[in-house]
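Some notes on the structure that comes next.
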Amino acid sequence: MPSPRRSMEGRPLGVSASSSSSSPGSPAHGGGGGGSRFEFQSLLSSRATAVDPTCARLRASESPVHRRGSFPLAAAGPSQSPAPPLPEEDRMDLNPSFLGIALRSLLAIDLWLSKKLGVCAGESSSWGSVRPLMKLLEISGHGIPWLLGTLYCLCRSDSWAGREVLMNLLFALLLDLLLVALIKGLVRRRRPAHNQMDMFVTLSVDKYSFPSGHATRAALMSRFILNHLVLAIPLRVLVVLWAFVLGLSRVMLGRHNVTDVAFGFFLGYMQYSIVDYCWLSPHNAPVLFLLWSQR
């Protein structure tokens, strides 16, 4: 049988009023038979003081310590200063730019393709028997034969129109040598590893490969000849074919990478635009033509 309900003082709720008649109006009992009311208020106050776990969690989440993301025990300790940032050179670039990735990929493809096309790089290569012919083609695009040939023709020319064309051809060759030497000295890209340094009459900057001087000269001379010499169509095709094969031979001999030759063609094409814009004539350079005619 259930136990009788007891009050806050431990007495049964059903005791007679005579047992507490010694203090009928006592405040402890609420006075005047209000014992049940006191017991009801006591139960309410005890329930109100109880801790609700849900409310406790909400209050903890709203506390400033929890909002800062640190534990309450750690917040009670001494504050720690943040770690100093790493130096700029020690940081790892985890987000490389698209341009950097594209350039690295292009460089890898360039080196791989140049090595595959270097079939005449040595006598023991797959096309080593064609190497002497490629070296002869190399001489046809060298700067010294072109300079000597232009000077000889300029000295032998007896017409003003011929001298004008040859004077500008000499200007184009000197401009080509100057620009190629300047870019090679600035870029300083080494020649391919499979190249043999047995080239014809090299200078100090010829140990660098970017850009290809033979490619720039081939593009410049072919465009110059096609614009200032009246040639039949087969000869015009032969000039273009010579320029293309000369550039290809630079890769087959292992002298240059593919990008060296490609940029050389572009540079030579643009060099002729400079020469055509600064075209020398007896009208804009009379002193130069007068001095040359007196020789």
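Using N, Cα and C of the backbone, Cβ positions are placed for all residues, glycine too.
Model, not experiment: these values are computed from the prediction.
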> Q196 and V258: same side of the membrane according to Swiss-Prot?
Replying inline: no
>> With respect to Swiss-Prot, which of the residues S36, S126, S209 bears the note phosphoserine?
In response: S36
> Can you tell which of S26, S63 Swiss-Prot marks as phosphoserine?
Replying inline: S26
> So what's the mean pLDDT when you look at the topological domain 'Lumenal' (154-164)?
Replying inline: 86
> Taking 3+ C-beta pairs under 8 angstroms (sequence gap of 6 or more) as contact, is the transmembrane segment (229-249) in contact with the transmembrane segment (261-281)?
Replying inline: yes
> What parts of the chain pack near the topological domain 'Lumenal' (250-260), using Cβ distances under 8 Å and only residues at least 6 beyond its ends?
Replying inline: 106, 110-111, 113-114, 117-122, 127, 130-131, 134-135, 138, 189, 191-192, 194-196, 199, 209-212, 214-215
>> Return the count of C-beta atoms lying within 10 angstroms of the C-beta of H214 (active site, proton donors), excluding that atom itself.
In response: 28
